[in-house]
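See structure below.
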C-alpha cells in the first residue's frame with residue numbers, strides 16, 4: 001500500500017477557507033465547525049444503563065435475601081422443639097417447607113443471574129416481579145396458616161405474637177424493593193403498595209374460606225391490630241416510593257452529567273497533559289467516537305483553553321486521511337470544552353515498540369512515509385505540529401488497510417499565517433515533549449518552521465528503530481539541553497542491522513541546524529522511498545501481523561518526559 005499523498009492546498013487557500021467563517025453582519029468570528037446542539041437522545045442510553053444496573057441490583061438483592069432466609073431457617077431449626085422458640089410455630093411443619101421453598105427459589109434466581117451476564121430489561125423485570133411476587137405470596141400463605149392454626153388451637157396469644165413477628169418479612173421486602181431495585185417512582189409505587197395489601201388479602205382469604213372461625217381471630221381482626229399493621233406497611237411503601245423517586249432522579253442527573261451534547265460517555269481510555277480522552281457513543285447513530293475534553297480547573301488559565309480550542313479548529317481544517325478526523329466540538333455550561341474525533345482501534349507507536357520491541361527497517365519506512373504526508377499536508381495549510389512523538393502517531397486499521405498511521409493531538413500547533421494565534425503558546429513559554437523536541441524548539445526560538453516537525457519525525461524514527469529516544473536525561477531540562485548541544489549517537493550503536501541508507505536519512509533529520517535537514521517533508525518522504533528497505537514491508541505483511549496480536553488502546557509513555565510539557569524560558573538562549 002502506497003502511503004497517501006499530500007494535499008496541494010496552499011496557506012492562501014486555507015486562509016480563504018477560514019475567512020468564510022466570519023459573520024459580517026454580527027461582526028463576530030465563528031468556527032468553521034458549528035458547536036453541537038443538545039438532543040433528546042437519552043431514552044435508549046438511560047434505559048441501557050438501567051438494564052445494567054437492574055441486573056447488578058437483582059444479583060445483590062437475591063444474594064442478600066439468600067443470606068437472610070438462610071439465617072432465618074437456621075434460627076428456626078436451632079430453636080425448634082421448645083428450645084427458646086415459639087411453641088405455636090414449632091408445631092407448624094409448613095413453615096419449614098416454606099423456608100426451604102424460599103431458599104430454593106432465591107438460590108435458583110441467584111445462579112441464573114450469575115450464569116447469564118447479558119439479559120434484556122424485559123427478562124430482568126420478569127425475574128423481579130416473579131421474585132417479589134412469589135415471596136409475597138409465600139408470606140400470605142404463612143400468615144394464613146398461622147391464623148388457621150391459631151383459630152383451631154385456640155392459642156390466640158401465640159398466634160398474635162407470631163403474626164406480628166412475621167410483619168418484619170413484608171416490611172423488609174417493601175424497603176428492599178424501593179431502595180435497591182431501580183425504577184421510576186410510579187413503577188416502585190405499583191409494586192410496593194401491592195405488597196402492602198398483603199395483610200388485608202390474608203384476612204380476606206381467611207374470611208372467604210373459614211367464615212365460621214373469624215370470630216376466633218380477635219387478636220388479628222381487631223380494629224387496633226389491623227390499623228397498626230396497615231400503618232406499618234403503608235409507611236414502608238411511602239418511604240420506598242420516595243426513596244425510589246430520589247434515587248431515580250439522582251441517577252438521571254448523573255447520566256446527564258456524563259453527556260456531552262449528542263454524545264454519551266462510555267469509559268475513560270486515556271489522559272495526558274491537556275485533558276482526558278473518553279470513549280463515547282453518538283446517541284442516534286450509535287457510532288463509537290473518541291472525545292477529548294479539558295475542564296476549566298484543569299486548564300488553570302484562559303490561554304490553555306484557547307490552545308485547546310485552536311487544536312480542534314486547526315485539526316478540523318485538515319483533510320488528509322492520515323490525520324485524525326474531527327466530527328464536532330462544544331462547550332458545557334461549566335466551561336468544559338470538548339471535541340469529538342474518530343475512534344481508532346489499534347495502538348500508538350509508543351505502545352507498539354514498548355510491547356513488541358523495535359520495528360523492522362521496512363516497517364519503519366512504511367509508517368514514517370504516511371506520517372510525512374500527513375504532516376506535509378498540515379504544513380501546506382500553514383500549520384506546524386510541534387509535538388510529534390510516538391504517542392501522537394497512532395497505528396490503526398482503516399478501510400481494510402492495516403498499519404495505517406493517524407497523526408493526533410495538534411494542541412501545540414503553530415499557525416504560520418496567523419501570528420496572533422501562535423503567541424498563545426510561544427510567548428515566554430517552551431512547549432513540547434522533551435524527548436522529541438527539536439534544538440530550536442528547546443531553546444525557545446520563536447521562528448519555527450516545518451523543519452522542527454522533521455526533527456521530531458527523525459527522533460520518532462530513531463525510537464522505532466532502537467526502542468529508545470535519541471537523548472535521555474534525569475530531567476526535562478537535561479534532555480532539552482542534549483537536543484540543543486549534543487551530537488546524537490548513530491542508531492547502529494544500539495542495533496547493528498539498521499541499513500546504512502536509512503540511518504543516514506534519520507541522522508539528517510536530526511541535524512542540529514534546520515538548514516542541514518531536508519528542505520521539506522516531501523524531500524524526506526522521497527528519501528525514505530529511495531531506501532533499499534522501502535519495499536520490505538507491505539499491506540499483506542501488515543495484515544498478517546495485526547491478525548496475530550490483540551492491540552490495546554490508550555497511551556503509555558515510556559518515561560515522564562514522554563509527556564508534553566510547558567516551561568517558562570528563564571535561562572539564556574543557547575545558540576547553535
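Keep in mind that glycine also has a Cβ here, set from the backbone N, Cα and C atoms.
Computed from a predicted structure; not experimentally measured.
Looking at 31-50, 231-250, 251-270, the range tied to transmembrane segment in TrEMBL is 231-250. Taking TrEMBL as the reference, the stretch among 98-115, 278-295, 296-313 described by the feature transmembrane segment is residues 98-115. Sequence-distant contacts of the transmembrane segment (60-78) (same chain, six or more residues past either end, CB-CB distance under 8 Å): 85, 89, 95-96, 99-100, 102-103, 106-107, 109-110, 113, 131, 135, 172, 176, 180-181. Looking just at the domain 'Protein kinase' (263-529), the mean pLDDT is 84. Sequence-distant contacts of the transmembrane segment (161-180) (same chain, six or more residues past either end, CB-CB distance under 8 Å): 57, 60-61, 64-65, 68, 86, 88-89, 132, 135-136, 139, 142-143, 146-147, 150, 188, 191-192, 195-196, 198-199, 219-220, 229, 232-233, 236-237, 239-241, 243-244, 247. Its Cβ placed at the centre, residue 292 (ATP binding site) has 26 other Cβ atoms within 10 Å.
Panel annotation: around the transmembrane segment (98-115), residues 55, 58-59, 62-63, 65-66, 69-70, 72-73, 76, 127, 130-131, 134-135, 138, 141-142 of the same chain, lying at least six beyond its termini, place a Cβ under 8 Å from a Cβ of the stretch.
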